[in-house]
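Visitor: Pulled the feature table from TrEMBL, pasting it below:
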type	residues	note
ACT_SITE	Glu205	active site, proton donor/acceptor
BINDING	His140, Asp147, His208	Zn(2+) binding site
SIGNAL	1-18	signal peptide
SITE	Arg113	site 'Transition state stabilizer'
Amino acid sequence: MKLNCLIFFVLFAFCAVAQDKAHPSKKLVVISSYSQYLSSVKTNPNNELVEIKKAIPSIKLDIRYATTNNFMKQVMYKQARAFARKPVVESLKKIQAELKKKGYGLKIFDGYRPYAVTIAFHNKASDKNFVANPAKGSKHNRGCAIDLTIINLKTGKDVVMATPYDSFSDAAAAHYMPVSIEVKKNRDFLIASMQKYNFTVLDNEWWHFDYNGWENYALMDIPFEKL
């Protein structure tokens, strides 16, 4: 009886350790090898990081992290490019086509973000609520988050929103009130347009949209110049 109890205890302890090691929050896996990335694409074509501008030529880019016009006040990307996973870009293409019929278009601020940049953001940000925790990684690191806004095609200007992009203020929240009728209309229009094609807005950032199913994609740390 004692022997059986001992065996049970050992087996239980072994399983508990195995489960702990297998728990995703205990071990962060980040793909930093280009060959690993290519292998993942071969296994599943949806893993491809597609360059948004090449796939959707009409889309406008304003890649702030390739400039000093961002909360870091420094250039974080060597190239002003934007990437996202294949299904994400396919959805953006549909959104862009639908908006065009109404006289609007998308402007992209950021897409896939190398993991090393997320670490730099977290180290410098004064308000950690507005940056991803490197211990968990960012959905941007997975190529499944897009920062964007809507532009008026006639004027080429951004529609009015409650705050500028990358604002750390309370008014940056997706459902912050009170705001003007025009701002609420524009914000609701953006959110509804994105939700229709499988995106969810981040509560504290009206410009940030996560692609549903992001958890199926690995964290990445490959710079733009290698893609």
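Using N, Cα and C of the backbone, Cβ positions are placed for all residues, glycine too.
Quick one: where do these features end up spatially?
Guide: Secondary structure at Glu205 (active site, proton donor/acceptor), taken from DSSP and collapsed to helix, strand or coil, is strand.
Within its own chain, His140 (Zn(2+) binding site) has Asp110, Gly111, Tyr112, Arg113, Thr118, Ala132, Asp147 as residues 6 or more apart in sequence whose C-beta sits under 8 angstroms from its own. DSSP classifies His140 (Zn(2+) binding site) as coil under the three-state reduction.
According to its DSSP assignment, Arg113 (site 'Transition state stabilizer') is coil. Around the Cβ of Arg113 (site 'Transition state stabilizer'), 26 further Cβ atoms fall within 10 Å across all displayed protein chains.
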Visitor: Among the recorded positions Asp147, Glu205, which residue has the fewest other Cβ atoms within 10 Å of its own Cβ?
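Guide: Minimum Cβ neighbour count within 10 Å, taken over the recorded positions Asp147, Glu205, occurs at Glu205.
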